[in-house]
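Read the structure below first, then the notes.
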């Protein structure tokens, strides 16, 4: 069979993408396997050997951890992004980062196709493909789980296992957990399997990034986190003096401390972009600490009205990231506006991390809008109390008129 051309497969080394690799070869493609090191616990060399053994023409293992932190996580921290009030977007942020490198490899290797193992019901198919089409409009995407010839052949995990046996694909000796997991530097997600029943509690042993808060240390870690332009630039453990200043090391250290204290666990039902609700359990240790610390220093340094506008932009940013529009012009515009709002978000925040909680202890900033003398109950400062009378009278006018009308309506 003559080759249909080269395809760059986003490969994880797991059962699904290993079967997809072999299946793509069956279809006549030359497969280039691409593994993104985005902070997950993975034996990358073992995955490389496995991909080559299964017939991959080339294997690229790309460490994108630092750019993931600096170019994707930091903008999310600046924006205080939460999807539907709770989800810190760990998976959503990783996908455009992974896809960007996948497209780079495809262009460098002259591949016309890219492929992924995302299911036809989830958000990731959208995130991967919108990123790929944005960065390389001529690229063609092969999405096996949306192709009838694939999903009619592989109707479940048992079919994949049988295919793996037939084609010499190594199968894990230990039974797979009855749920799916996806990990990166920012978080780990758990879904599907027994978790599809939203009533089922997370089974013991599910969580891997964080300690059970009930079993966490009884003594807190006190951290001082320094921000410049809304980005963390230094973290210091006040108790033992440990300091980290580079982005990746800082983030990894916060993951370690937060994980030890059981910080960052959530169990939610969310609305997928394609229209269905899904249940997800997430651990986002460092991201949770930084969310709270950044929120505090931002409130301390940012003008009230600017912050109201910025909060709206943060909601839009979260929606765009969740739905896969990272590379869209509107998301670029929103990121630029948020970055502008962060120019004076500078200072230090002290936090206590204890038994699943993050407590703000104090903050300081050379650019704070907080005026201790002005707000003091003991010092009048540059404020005339009698001015408040007119302020209250003007603001009460609208309320008086509204209730005057209500009285008339009620009387009738």
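Note: Cβ is positioned from N, Cα and C throughout, glycine not excepted.
Worth saying up front: this structure is predicted, and the values here are computed from it rather than measured.
Within the set 219, 284, Swiss-Prot records phosphothreonine at 219.
Candidates 180, 368 were compared with Swiss-Prot; the annotation phosphoserine appears at 180. Comparing 176, 229, 234 with the features listed in Swiss-Prot, the residue bearing the annotation N6-acetyllysine is 176.
113 is the residue among 113, 163, 402 that Swiss-Prot describes as phosphotyrosine. Here the candidates are 165, 228, 277, and Swiss-Prot annotates 165 as N6-acetyllysine. Most buried of the binding-site residues 10, 36, judged by other Cβ atoms within 10 Å, is 36. Between the C-alpha atoms of residue 123 (ATP binding site) and residue 282 (L-citrulline binding site), the distance comes to 16 Å. Taking the Cβ of residue 189 (L-citrulline binding site) as reference, residues of its chain lying under 8 Å away and at least six apart in sequence are, in sequence order, 90, 91, 181, 182, 183, 280, 281, 282.
Neighbour list (residue 87 (L-citrulline binding site), Cβ cut-off 8 Å, at least 6 residues apart, same chain): 266, 268, 270, 280, 282, 322. For the binding site of L-citrulline, formed by 87, 92, 123, 127, 180, 189, 270, 282 according to the record, the largest Cα to Cα distance is 19 Å, rounded to a whole number. When the alpha carbons of residue 117 (ATP binding site) and residue 92 (L-citrulline binding site) are compared, the span between them is 16 angstrom.
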